[in-house]
Every structure is written in C-alpha cells, then in structure tokens.
Amino acid sequence: MAKPRVHEIAAEIGVDSKTALAKLKEMGEFVKGPSSSIEPPVARKLKAALEAAGLTGQAAAPAAAPSSAPRPGARSSAPKPGGRPTPGPQPTAAPEVEAPEASDVPVPAKPLTVAERQAQAEASRKAAAEEKAQAEKSAASATPDAPAAETPSAPRPDAGSAPAPSNGIPRPGIPRPAAPRPGNNPFASNQGMGTKPRPGNNPFASNQGMGQRPAAGAAGPRPAAPRPGSPRPGAPRPGGVGQGARPAGFGQRPAGAGRPGGAPGGAGRPGAPAAGGFQRPAGGFAGRPGGGGRGRGPGGGTAGAFGRGGGKSKSRKSKRTKRAEFELREAPSLGGVSVPRGDGNTIVRLRRGASISDFADKIDASPGNLVTVLFHLGEMATATESLDEATFEVLGTELGYKIQVVSPEDEDRELLEGFDIDLDQELEDEDDDVLEIRPPVVTVMGHVDHGKTRLLDAIRNANVIEGEAGGITQHIGAYQVWAPHEGYERAITFIDTPGHEAFTAMRARGAQVTDIAILVVAADDGIMPQTVEALNHAQAANVPIVVAVNKVDKEGANPAKVRQQLTEYGLVAEEYGGDVMFVDVSALTGKGVEDLLEAVLLTADAGLDLRSNPNKDARGVAIEARLDKGRGAVATVLIQSGTLRVGDAIVAGTAYGRVRAMMDENGDAVHEAYPSRPVQVQGLSSVPGAGDTFLVTEEDRTARQIAEKREAVERNAQLAKARKRISLEDFTRALEEGKVESLNLIIKGDVSGAVEALEESLMKIEVDDSVQLRIIHRGVGAVTESDVNLATIDNAIIIGFNVRPDPKARARAAREGVDIRFYSVIYSALEEIESSLTGMLKPEFEEVQSGVAEIREVFRSSKFGNIAGVIVRSGTITRNAKARVIRDGVVVGDSLAIESLRRFKDDVSEVRTDFEAGIGLGKFNDIQIGDEIETIEMKEKPRV
C-alpha cells in the first residue's frame, strides 16, 4: 500500500502542514517536509496525537472566515462613501487628487454588532454559492447581470459605466497613467487565455488547492490601480491594521470611459451578494475577494500592476529559515563538517540494526558528515553498516540527541499495524458473549534432575525421559491430558521446560505463555539455583504457582524444609496461613499425582479468567520448532485464541506458508485446533524461532510480506549484534600486534530452542580478551554441504546438537579437513568449547633463574673485550642464555647474552655448579670483580 504523505494527512485532519511537522518532531519522527511519506503506524499515531491535542480543524476555520468577511463588510459600508463627491467627471490626468480623500474616508467606519456579523456570514455563504454558479458562465453573459445585482449601490455614478469593459480587456488606447500594458500583467485574463485564466498559470486562484491562504489578501497585483496605497473606503480590515480589505481582484476597477482614474465600479463591488465570482471587468482572476496592502498581506503589494507579481519577494527568507541557517552556521563542527544538532532532549527513535543513513534521515543530515563525526569520535563505520545501540548513544550524545532504540515487541507491533493487524485491539474489542472457557496452560518448572519430566510421565502414563539424552530435557514439550474433576473430564495443557542452567531463555518463554506454573522441588535437595530462577520467571510473568514437592518417598526427604525455604521467597503454604498450594508427590510411585491435578484445576477456577474467542483466525505462540527430514519444517504451536484449521495461511516469525497437516503429541491427525491446544504444524517455509508469535492471515501474500519484513529486521539486528566495536587505538594496536585470535563456530541443532540456548551459553564463556568466540551461522536441521563450505572459508568448527551430517557433507568435511563435533548433552559442548578457547590463548611466559656465577677475575682483551673469570655458585650456566649483571644487588646490565663460554681453552655449552669458566658478554664490558652474572630462562606458564 502507498505510504501517506504529511500534507495529505494534514489536509485530511484539517491542520496546517507545519503543525503536523511540529507534532512529528515532538513524537521523535523527523521528516524533511510536507511531501515526505511516513509509515502507516506513524500516520495513525500522528492523527491520534493531533486529535488528543485538539488541533484538528484549526487550519480550515481561519481560511474560511477571512474569505467571507470582506464581502459583508464592504456591502454594509458601501452606502457610506456614496455621499462623496462623484469622482466620475474628474479629469483623466488627475487621478492623484483622490488619494487624500480616500485616506480620510475610512474614519467614520464603526464596528459591527453581533447580529450584523451573523447576517454578513449568512450573506457570504449565499454569495459563495452564487459565485460558484456564475463562474461556470462566460464573461459575456455574466456582465449584464452585474448592474442588477448592484441595485443597492445604484447611487454610485459609475455603476452605469460598469458594463462597458465587460469583455475583460482594458483598452490600451485610453490614456490611463496607472494602467499597465496588456502584456505586462501575467495574471490578467487578456493574455490570450479567453474568458478565464488557465488554473495552472495562476498561483493565487481559488482552484489551486490553496484554500488555507487567507482569502482577504489573495487578490495580489491590480492592473488598474492608480493609488497603490489607498485602502477601500469604509471596508473592514479582517487581517488587522496591516491588511486592508482592498477591493477584490483585478476586476474591482473596471476603468471605464466615464472613470478615467476613478474608484472601483459597481460591477466589481466586493460586498455585492450577486457579484457572482466577480465578473472580471478589468481582466482579474476569479474568486479572490480581497487583496493585501502594499507588501502587507498574503496578496502582496501593487507591484503586480507593473508585471512583477504581487507575491512575497523571493529574495526574502522567513524567520524560521534564517534562524535555521544561523544555528547551522553557529553550530560547532567536529571534523570540519556541520550537522544539525539537538538541544539535548530531542528524541530520535531508531529501529534495531539501524545505520548511519537511517539516523541521517531522522535528523535531516548528510550521512557522509555523520561518518566523519563518528570517525573523529573514535568509531569507524560506513554509512550503510548496521550499528549497535552503544555506538548510536556515543553519536547522539555528541550531537545533542537522545537515542531510543525500538524494542523488538514494539517493532513487531508497528510492523503488523502496517498491515492493519492490531492484536491488542482485537482482544479489547471482544465482547463477553463471544468468549468461551478454555483449558488452563500449565508449565512445569524447576531445577535440573528434580523430576519434572518424570512427573509428566506419571501424569501422562508415558515415558518421555527415555527419549532425552543424558536424562536431561533438551526441548520444550507440550502435551494435553484429561483429568477428572468434580465429575467432569477437564483438559489441561502441560508445557515441560528444561531445568538446566543453559535453558534460561526457554524457561522464560514457558512462563510467558502459561496460566499456571508447577514448581517442582526435590524433597531431598531443597531449593537450588534453577529453582529460584524458575520462581523469578513465574513471578515476573504474574503467574500463580502450585508447588509440587517431589521425591517424598526417597530417604532423607524433608518436605517441611522445602516449605520453610520457599517462605523466604514469598511462597507461603496454605497450612502456614498463605495462599500457595503445596502438594507432596512421588513421580516414581505415582503418589499425589491426582491431588496435584486437582490443585491445578482449583487454582485455575479460583483466580483466573480462562476464556477466549474461538470464532476467529488463530493467534498463538510457536513453542518449539525443528526440521524433519521427511516432513520439512515442523513447529509446535500453542493456540491462544481463535481456531487453527488445515489450509490456513500462517506466518510465524520469519516463516510463512499454509497449514498442510496438524498432529497432536501422539502423532494423530488434527483438523481443527481450538484455544489452549498444542499441535504440530507442517507446511512452513522455514523453521520459526522458539517463542515467535504466529497468526493466520487472509492471503498467502500478506503472510509472505510480513515474514520478509521480519526477516529483514532480524538480519539488521543480527548484523548490529555481531559487529565488534573497534576504536582507532585498538585498530592501531591490532595492526602492530597482529589480529585477535577468534574461534568461529557453526551451530546446527534439531530444534530451534536448543540452538538458541546453546548459542547464548557459548557467548557467555569468557576466557581472555585476546580470544573471541564468533558464531557465524546457526540453523536447524542436519549438517549440510553448504555448512561445510562455509566452515572451509572461515576456518570454523561445526557443532551438531542431536543431528548428523548427510553423506555428501561428511565426505566434503573429510576432504577439506573441517572439524565436526556432535553432542547430545548441552554441557558437554560447553566444556569442550571452553577448553578449545583456552588452548587458543597465547602462551604466558615467566622468568626462571637457571644459574648464578660470581666474577673472580676480569681478563681484558683487545680482540674480545673484557672476559669474566667466574665460578658457578648455583644452577647451570648455558651458552646463548639470557643474562644480567648484578652489582651490590643492583642490576647494571640487562638483556645480555652469554656469547662465549669456555673452560680453560675449550668451548663448552654449559658449566655446572662449583665449576670455573670464562664468560664473554659481547660488547658489554662494565664488569668488576665481585659482580654476579645471573642467567634466566623464559618458561611457559600453564593456564589455570
């Protein structure tokens, strides 16, 4: 859909474009001008903000009021100047004599009463309707009607001569000093344009879409005005003192034969109700009932009578433009460039992964100048490179802007609003009569190995734990079971989350989609770190908690201790006067399972309103997703509202498609899935991320467009996240010392949640600043040949989590020497990767003393310099070893080398303790008897 422009929105609401631009700036949305286009969500926010501020319709009202005000005013005051001496018989050569009279006449004008103003407004509306009808007629047929319309003004002697120039062409032959030549007036109707000027040539005409201009000053230049500064006698001044209500248009001065230089004729009276669009007796343009004074109003001065146009001078700039240019000149420049600066509180909203070009568009600056500024701030980036929030904070602080990076939730909400999809509004608009009761969604949480999956096995009468590697849940499982309650079979949806510390994100996701949380605590272990974390997730999601004290049949079990420990975290058992239900269970024997289900249903009925609308398109969450070799992308989704049917067009995160098939947790086909029902969906184009929202759209095209936009947003966010910030100092140091060692990884897993958990855990490994971990690709499914090619180019290691490579990938990896490692337990992968990073560290060396020799004699040689005769006191002195000379405990020579080592006349490689030798230290000759020569070795220090 086409994006709306600012001036279109302003016209629709009825405000001025400047007001709309100012409101956009307050909202943090900076656009260049009224013709700039904005996103539909921003347009809706702008309309809401203007309506909330009460600004709608303020631009249209001032435009309409002045347009009608001059006519009634001129009409009511028309009889007053009628008593003046008739100016018709005056000589043609003396038009200036009337100027003093005209300036003196407006004095007796008196203010209008409220009744008169209302009558004038009614008359102006009638006149406007008649003007529209008369504008459709030709000038020849319109002129004879003018005298009849001006019967109230019959006493004016020039009324009878008004029809003379009805053809609208002023005669050049008449000696009128102030009348321009026909070719001098570009706005006159006698320029070969027939009876009416062409709309496109007249920027002041009423049909130019400029209705917001005050009509009182729109007449502009007047071709037959001999007195440029004379106001209309007796006419009101709607624009204040500076804008006189001059007779409307060029046609107000017919310049007939009987009026060589006289006042306006009766046919063009601005206040006449039947003037009908102003007959243009002197070649004016229609529909503009009033002109501004000399340079005092929107209509301009009388300069237009001499062919220069009556508009505002082009060389003059508005105060706003001058102020902006002055601020730009006075703004301090960084790096020799000038950029617009904020006041320190100017908010700029940017999407995740935005570039310098995006920031430049927001503040109306040049991207190249911003790149220069950023370079002088110590950051190197290109104009189109995705930057992180910290970099924008540095740049915004320097330029006086507050940077607000849109959160992923708000970004996705605005994206959907662009397709007229508002999930929150849908929920608010639902009435109680369309809501139906749905089953509760229960998440099982707790510490690792406390028996969560075993408890679910006991509830489902199945054995899930045998399918998990190492007995640790690696995925989120979703099941629906039926339990008897008060004589009825009630459905309960269970979500099993991992308890290992690596699966923090998956636990948080489980808490966000659940209604009730079952906190499983082992009676023998008590409270553990992941127990507290799961408790915090549930409390943050404002989810009621039911505590299942497991393993009560085990030796050393102490359920009372668990109750006491949880009291410290705000969970007080009912038997202690609290409101949290504690149930003692044994997943191994099945004891207390029925009591636990009853506690869940009682909690759901007591404090939760579990209702949703099943009669609409489905909305929900993708709990888990994987890539199946035979079925393609398979996503486990939980329907939160609506009904999902086979054949629906669906979009989940960056994946889209049609629902080809649905199955429950047992593999049985499902044709319709109602709220709170977990199903496995086939038919998606790719594997969605765990926790992505899904929704049903009317068309495949809409689903594809939403997915593509989400993919672009996610790609930019990943680029900004992967960018390593490097300053100029770091860059110089890297050039001198060599590049930083990095371990490149490619992660492939069976489900998206496990890949995400593994990636987050790996990125938390901190070994040393000299070694960094880079994940260049992650995905769901088997290791493919393209993964091996990518690993070959980037020297990466491929980590497969519960997946295996296909034959071609295995053969290519063997041929290229790519290391592929497979894991089924997540912490095994973490330990090995950490060991690999430790092995990549540069070795650390420490000084170790290898020997000490005392100088007994100094032999001086002209060929070899001074030779030290020594006796080895400790250790071993070796040739070419590093040495230092120590005198009275002070080092007098360092970084030396033992270049020659002899015993008597024989060269030797080493001399042991208590043996004598001769040592030559090269060019170092500052040795004395009693000095010590200490030799050292650099040995590698083992990493801890």
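Glycine residues also receive a Cβ, built from the backbone N, Cα and C atoms like all the rest.
Per Swiss-Prot, the listed range annotated as region 'G4' is 550-553 (candidates: 14-17, 550-553, 558-561). Listed ranges 406-413, 446-453; the one Swiss-Prot annotates as region 'G1' is 446-453.
Per Swiss-Prot, the listed range annotated as region 'G2' is 471-475 (candidates: 366-370, 471-475, 616-620).
In the three-state DSSP assignment, the secondary structure recorded for V552 (GTP binding site) is coil.
A Cβ distance under 8 Å defines the sequence-distant neighbours of the region 'G4' (550-553), meaning residues of its chain 6+ beyond its ends; these are 450-451, 454-455, 520-524, 559, 584-589, 591-592. Among the binding-site residues K452, V552, the residue whose Cβ has the fewest other Cβ atoms within 10 Å is V552. Neighbours of D449 (GTP binding site), defined as other CB atoms within 10 A of its CB across all chains, total 16.
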